[in-house]
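J.: Here you go, one structure.
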Amino acid sequence: MSRVVITGVSGTIANRLEINDFVKNDKFFSLYIQALQVMSSVPPQENVRSFFQIGGIHGLPYTPWDGITGDQPFDPNTQWGGYCTHGSVLFPTWHRPYVLLYEQILHKHVQDIAATYTTSDKAAWVQAAANLRQPYWDWAANAVPPDQVIVSKKVTITGSNGHKVEVDNPLYHYKFHPIDSSFPRPYSEWPTTLRQPNSSRPNATDNVAKLRNVLRASQENITSNTYSMLTRVHTWKAFSNHTVGDGGSTSNSLEAIHDGIHVDVGGGGHMGDPAVAAFDPIFFLHHCNVDRLLSLWAAINPGVWVSPGDSEDGTFILPPEAPVDVSTPLTPFSNTETTFWASGGITDTTKLGYTYPEFNGLDLGNAQAVKAAIGNIVNRLYGASVFSGFAAATSAIGAGSVASLAADVPLEKAPAPAPEAAAQPPVPAPAHVEPAVRAVSVHAAAAQPHAEPPVHVSAGGHPSPHGFYDWTARIEFKKYEFGSSFSVLLFLGPVPEDPEQWLVSPNFVGAHHAFVNSAAGHCANCRSQGNVVVEGFVHLTKYISEHAGLRSLNPEVVEPYLTNELHWRVLKADGSVGQLESLEVSVYGTPMNLPVGAMFPVPGNRRHFHGITHGRVGGSRHAIV
C-alpha cells in the first residue's frame, strides 16, 4: 500500500490569510466551506484522508494512521497514544507537516469544486482555488474569532451556478458518523464537537456567550504573552515547549500559549482535551497560527532551530523520554514513500507551497533584513502589551497613551514590507493572491515605519527615566496532578465568590493552563506518576499601569501592592474548583530599557520578590532574603 506523501500545495506559493480577512473573500470562503464539507462527509473509518482520520492522528482513537507503526509495540500503560509531540522540543515542528497534510488534502477538494463552476467567471474561481491556503486565526490580535467560526450554524456561500445558497457550516462543529467506540465519557455521548459546553450531559450544547466572554477576557494576557515570547525568548528549549525552560526569561513558550487557547476554547469540550481536540474544525485555524508564530520567531532568531531534548511522555511511535533532535522523524508524516519529514527539512515554508503576509516583499536570502522587518511588524501588532509600562513610567506620556507610544517605538532601520503586504509576492517565488484580499487588516498595516524618539539609558542595568520594571508572576505545577485540563487564574483585587464569574471579573489578569489528556487507561504510568513539572508566566505590568493607580512601577511601590492584591484560584476544565498541591506562584521584577536603535525593549537581570507570595497556600516556597 502506498503512503500518503506530504508535499504541500504544488504550483504556486501563496499566502495563508488571517481568518477575519479570509471570510471576506467570497471565492475563498465559498470554496473552503464546500471542501470542508466534503472532507467531513468522507466515511471516517475507510479513508485516511477523511476529516476524522486526520483528526485522529493527534490523539484518539490511538490506532495507526496510514499504516505507520513504531519498531516496538505501542504500550498504552507507558506512552501517550497519539502521534503528537507535546512537552517536547519537537512540538512546533511536528505540527508543521500536520497542518500541511490538512492543507494539501483540503486544497485537492477545493480544486475539484472550482472545476464544477459554470459561471462566466469560472477562470477566476479556478485561480482562487490555486491560491487558497489554510487560514490562520491570530488570537494574539483577535482573540474572538469571526461569527463564521463560532456563532453561525449556517453560512451563505456562492454555489457552482453563481447563486447564493445557505449551507450547514462545517466550521461550527464536526459531526461524528458514528461516534468512535474508543471515546470516553462525555465525548462518547456527544454527537458533535462542543466548545465551552454548558454541561457534561448527553444533551449538552455550546455556550457561545461564555466562549466569547472567556476569549475577550483573555485578550490582553494572550497578546502580552505572544509579544514577550517573540521578543524575549532566544533559545529553542525555552521557546518550544511548556516544560520548565532554561531559567533565563519570564516569558511563556509557544506551547504554553497554545495550551491556553485550547483550554479557553474548549473548556470541558473537545478542544480542551488533547485526545479529541483535533476533531474540532477550529483546531487547524489555531495550529496554523502556531505555525505562523514559529515562522515569525525563527525570523527574529535566525540560525536557532531544534535543539536536542527528549520525548517526555512519548507518542504512538516514540517511547517515553527517548532522545529527540532535529533529525528525529516527524511520524506519521511521509515526505517520500520510504522516509518521513524531519525538523531540518521544514525550515523554509516557500518550499512547502505557502508563506504568511508578514514575509511578502522581503528578500528571504537576507536574514538580518528579514529579522528587522519582522521585528518591525511584531512591534506594530503586539507591542502595546509591553509599551504600556513605558507609558506608565513616563509622566510626560501617561498611561492613557499606550497606543501612541507603541507606534513611536524605535525600530532597527531596514526595508519594510509594502503597505499592501498581503497582496505582495514573497521572495524569491511569487504568490498570486486575489485583489479581493488587498485591503487587509492590521497585519498589513503593521509594517508602516515611524520616527524614532530619544531614549536615555542608565548604567548598571536599572531602568532609565524612560524605562520601567516589568512585573511577572511565575506559575509552576505538576501537569498530571488532576488527570485532566485545568487553569491557574490570577487576580489583582478581590476575587468573586462565584467561580462562574472568575474569567469575566474585571480583576482577572491572566491564567496559565494545563492541557491534559483525560482518557483513562492511556499513558497510565505518566498520569499516575504525575511528576512532569510545567511552568508558565502571567504578565502583570499592563494591568498594574492601567488599573492600580500607582505613581510608578518601581519595587518600593509595586511590591506592597502585589502583596495585598495578588490572588490566585484553580479552575478545572469542567468548571469545578481545584486545590493544586504542587502549585507555586512567585513574582519577578525585571528592569526594562529601550536603548536608541534597539528593535525591542532590553531586559536586565530579573529579580525575585518571594515575599509577595511566601507563606501563602500555593505561594513561593523560597525563604525571604
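Positions of Cβ are set from backbone N, Cα and C atoms, glycine also.
As listed in Swiss-Prot for this protein:
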type	residues	note
BINDING	His58, His86, His95	Cu cation A binding site
BINDING	His258, His262, His287	Cu cation B binding site
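Buried or exposed, and what's around them? Tell me for each listed feature.
T.: DSSP gives His95 (Cu cation A binding site) a helix state. Sequence-distant contacts of His95 (Cu cation A binding site), defined by Cβ-Cβ distance under 8 angstroms and a gap of at least six in the same chain, are Cys84, His287, Val290, Asp291.
Just so you know, the Cβ of His262 (Cu cation B binding site) picks up 23 other Cβ atoms within 10 Å once every protein chain is counted.
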J.: Starting from the Cu cation A site formed by His58, His86, His95, give every other residue of that chain whose CB sits within 8 Å of the mean position of their CB atoms, in sequence order.
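T.: Filtered neighbour residues, in order: Gly82, Tyr83, Cys84, Thr85, Phe91, Trp94, Tyr98, Pro274, Ala278, His287.
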J.: Around His287 (Cu cation B binding site), how many other CB atoms lie within 10 A of its CB?
T.: 24
J.: Quick one: among the binding-site residues His58, His86, His258, which has the most Cβ atoms sitting within 10 Å of its own Cβ?
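T.: The residue with the most neighbouring Cβ atoms within 10 Å is His86.
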J.: Taking just the CA atoms, what is the gap between His262 (Cu cation B binding site) and His58 (Cu cation A binding site) in Å?
T.: 14
J.: Roughly how many Å separate the Cα of His86 (Cu cation A binding site) from that of His258 (Cu cation B binding site), to the nearest whole number?
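T.: Between the alpha carbons of His86 (Cu cation A binding site) and His258 (Cu cation B binding site) there are 11 Å.
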J.: Using DSSP and three states only, what is His58 (Cu cation A binding site)?
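T.: Going by the DSSP assignment, His58 (Cu cation A binding site) belongs to neither helix nor strand, so it counts as coil.
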J.: List the other residues in this chain whose Cβ sits within 8 Å of the Cβ centroid of the Cu cation B site residues His258, His262, His287, in sequence order.
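T.: Other same-chain residues with Cβ inside the cutoff are Asp259, Ile261, Ala277, Phe283, His286, Val290, Phe515.
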